Amino acid sequence: MLPYTTVSAAESALGRTLTTAETLWLNHTANKSDYLLYCYNILFLFIIFSLCPLYYVLIEYLFGNSVGVYKIQPKVQLSFGEKMKCYRDVMRMFVLVVGPLQLVSYPSIQMIGIRTSLPLPSIYEIVAQLTVYFVVEDYTNYWIHRFLHCKWGYEKIHKVHHEYTAPIAFAAPYAHWAEVLILGIPSALGPAMVPGHMITFWLWIALRQMEAIETHSGYDIPWNPTKFIPFYGGADHHDYHHYVGGQSHSNFASVFTYCDYIYGTDKGYRYQKRLLQQLKEGTRNNEGKNQGLQNFLGQNPKAE
Ligand SMILES: [Zn+2]
Ligand SMILES: [Zn+2]
């Protein structure tokens, strides 16, 4: 809760005029507890888990023929009912695990020192902190994910997430409850190392989940703005991890590609990409004769 409730009190405390954003923030949060503001994440996550995957359902429904060329595993088509079942399972996990985790994890946010006060962070500060959060999360998630692919980790926990060998957007948060809890650690590590404002924290939780949904969408859409982010893995990178399945020792990273490159866990993926490129070039010259290789690779040579 802010130590002042009016604009004039805030301006005299800061010694300057409030910006429009700061005035809006003050008016909205002055009488709300920090705990309540932290719990906004539950609402944001519910909206993101529900609406972002719907975007992919809609473009599939409305522009099926034109976006179909960007589907990474075109041979796997789930029905609307199957997608809704995935959403129901995710929502059950949301109510039983994600929501309660948010409700009880507030003391850690207090300990970290996430602030709700004025002044608001600058855009520069927000972008710099979000970059740190993504890099820290990507690195730690890489190693936890690798651990989850050991025999015990996979059989007991991670195989639930791998039920979708051709992932869909709704399946991004589809996982065993223990995995949901474990992967909360890398998400909290960045904010713990570089604590910021509650707005930055909200953005971090929202953007990370939106990134995961895009990564699991099953579509490698060329006009996606994430294509401009250096070393960004995206749907194509993570889709391969699901495609290989339980035996996968490839493409463990959640966001970027460099960990898999440095630790040599993207060799299968890069080999497959080379084969797909050859197939694509061969298809141009020799239409139809490469069907066997295409079936073996299971992926769409046009989706690059
Ligand atoms: Zn995995
Ligand atoms: Zn996944």
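Heads up, the Cβ atoms here are built off N, Cα and C, so glycines get one too.
Model, not experiment: these values are computed from the prediction.
According to TrEMBL, the feature compositional bias 'Polar residues' maps to 288-298.
Positions annotated as domain 'Fatty acid hydroxylase' by TrEMBL: 131-265. Mean pLDDT across the domain 'Fatty acid hydroxylase' (131-265) comes to 95 in this model.
The region 'Disordered' feature in TrEMBL is assigned to 282-304.
Positions annotated as transmembrane segment by TrEMBL: 35-58.
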(request) Sort out the residues at least 6 away from either end of the transmembrane segment (35-58), same chain, that have Cβ-Cβ distances under 8 Å to it, and list them. (result) 29, 80, 83, 87, 90-91, 94, 98-99, 102-103, 106, 109, 114, 116, 168-170, 172-173, 198, 201-202, 205-206, 209-210, 213-214, 217-219
(request) Count the residues of the domain 'Fatty acid hydroxylase' (131-265) that DSSP assigns to helix (H, G, I), to strand (E, B) and to coil, and report the three numbers in that order. (result) 90 helix, 4 strand, 41 coil
